[in-house]
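Colleague: Per TrEMBL, the features are:
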{"type": "DOMAIN", "residues": "19-28", "note": "domain 'Uroporphyrinogen decarboxylase (URO-D)'"}
{"type": "BINDING", "residues": "R24, Q25, A26, G27, R28, D74, Y149, S204, H319", "note": "substrate binding site"}
{"type": "SITE", "residues": "D74", "note": "site 'Transition state stabilizer'"}
{"type": "DOMAIN", "residues": "137-153", "note": "domain 'Uroporphyrinogen decarboxylase (URO-D)'"}
Amino acid sequence: MGQRKILDVLKGETVFPPPVWMMRQAGRYLPEYRETRKHAGGFLDLCYNPDLAVEVTLQPIRRFNFDASILFSDILVVPHALGRDLRFEEGRGPLLTPIDAGGIARLETDGFHDHLAPVYETVRRLRKELPDETTLLGFCGAPWTVATYMIAGHGTPDQAPARMFALEQPEAFSALIDCLADCSAEYLIRQIDAGADAVQIFDSWAGVLDELSFERWCVKPMARIVAKVREKHPDVPIIGFPKGAGAHYAGYRRETGVTALGLDWTVPLGTARRLQAEGAVQGNLDPLRLIAGGEALHEGVAAILDALRHGPFIFNLGHGITPKTPVEHVEAMLKQIREAE
Ligand SMILES: Cc1c2[nH]c(c1CCC(=O)O)Cc1[nH]c(c(CCC(=O)O)c1C)Cc1[nH]c(c(CCC(=O)O)c1C)Cc1[nH]c(c(C)c1CCC(=O)O)C2
């Protein structure tokens, strides 16, 4: 067994108790994050200041000793680096100026890596400062999910603006998706060059598309990113997280080439076990069970451990931890996982 358990699992080994980390593990449920955030100015100042980004990335590792550390940044730094404006307002989430076909034709890729240089510096420093046994994860958003925010200018309940745009202006939308796929692949390659051990691609809005659109806007661009990253870094594992993909999960690993599947909490554990027969899976505790705590948390964790213990498995939530989650519930979850027999 190697030193970094998550890398063993991603190679197909069964490790029990399983390694564990949480999506959004650096964030507002942690008092030390809220403290750093207060002094930082805005959220983007955290993302682009390597001192602060390293500090908040390390906070959950110090407190909980997770098996993976995920770079602190945001999926929307990619459109920002392409010259689109981006703001985060308290309580409102991300705000961008909606892009149209003209804006897509004018996207500026020249300064892309200069803009993201602080992120690469953060990754370099993290690999030096993290414990040896901690896997360092880089990440990006999948083109479809990033495009939904670029088109609407903000989050929406079902991403109807981007779905409509894709149906009415497929050529312009295709140009946007291709641009995002190519830039995201380069972005991941640079993160790996800087020291990331593995990467995760977040397709948080994969669940709102019909079959034709899922194939075209989720599967194809994901396959393109995976192929480009593999050309440069053939051995670096890639975790795909097509949240809400439902029945589409079945063919997703084969069609995109991702190493491992991130499962949201709606994926039944029987399905998860079948997906696990083809490679590593990660997930999938309902984040609300972590807020509720007590028996709701205990039975959720037990069911997952029981179902997925016999194959390659990384324990995670089915989506990001939310600000309301009590820190003691995270402790209880970790105790149950780490003491599992
Ligand atoms: C869709 C998406 C975004 N960002 C991200 C996704 C994909 C995963 C998902 O679906 O949650 C990914 C992301 N965002 C953040 C990380 C950091 C690493 C980690 O997981 O700890 C990661 C991996 C920090 C963040 N990104 C954001 C915060 C909260 C901002 C703050 O501190 O004020 C953090 C810690 C802001 C953000 N960023 C985004 C939204 C919609 C919001 C607002 C919602 C919210 O406030 O929680 C876009």
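Placement of Cβ uses the backbone N, Cα and C atoms for every residue, glycine included.
Keep in mind that this is a model prediction, so the values were computed, not measured.
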Colleague: Which ones in the same chain are close to Y149 (substrate binding site), with CB under 8 Å and 6+ residues apart in sequence?
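Modeller: Those within reach of Y149 (substrate binding site), by Cβ under 8 Å and sequence separation of 6 or more, are L76, P79, P94, L96, G155.
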Colleague: In which DSSP state, out of helix, strand and coil, do we find Y149 (substrate binding site)?
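Modeller: Its secondary structure by DSSP: helix.
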Colleague: For the binding-site residues listed here (R24, R28, H319), tell me which residue's CB has the most neighbouring CB atoms inside 10 Å.
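Modeller: Result for the most crowded candidate: H319.
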Colleague: Which binding-site residues (A26, R28, H319) fall within 10 Å of D74 (site 'Transition state stabilizer') by Cα distance?
Modeller: none
Colleague: List the residues of the same chain that sit at least 6 positions away from A26 (substrate binding site) in sequence and have their Cβ under 8 Å from its Cβ, in sequence order, or write 'none'.
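Modeller: Within the chain, A26 (substrate binding site) has Cβ neighbours under 8 Å at Y33, V56, T57, Q59, P60, I70, F72.
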Colleague: Among R24, A26, D74, Y149, which recorded positions lie by ligand 1, judged by Cβ under 6 Å to any atom?
Modeller: R24, A26, D74
Colleague: In three-state terms from DSSP, label H319 (substrate binding site) for me.
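Modeller: Where H319 (substrate binding site) sits, the three-state DSSP reduction gives coil.
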Colleague: Counting across all protein chains present, how many other Cβ atoms fall within 10 Å of the Cβ of D74 (site 'Transition state stabilizer')?
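Modeller: Around D74 (site 'Transition state stabilizer'), other Cβ atoms within 10 Å: 17.
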Colleague: If you measure every Cα to Cα distance among R24, Q25, A26, G27, R28, D74, Y149, S204, H319, the residues said to bind substrate, what is the biggest one in Å?
Modeller: 22
Colleague: Quick one: mean pLDDT on the domain 'Uroporphyrinogen decarboxylase (URO-D)' (137-153)?
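Modeller: Across the residues of the domain 'Uroporphyrinogen decarboxylase (URO-D)' (137-153) the model's pLDDT averages 98 on the 0 to 100 scale.
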Colleague: Mind checking how the domain 'Uroporphyrinogen decarboxylase (URO-D)' (19-28) divides into helix, strand and coil residues in DSSP?
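Modeller: With helix first, then strand, then coil, the domain 'Uroporphyrinogen decarboxylase (URO-D)' (19-28) has 0 helix, 1 strand, 9 coil.
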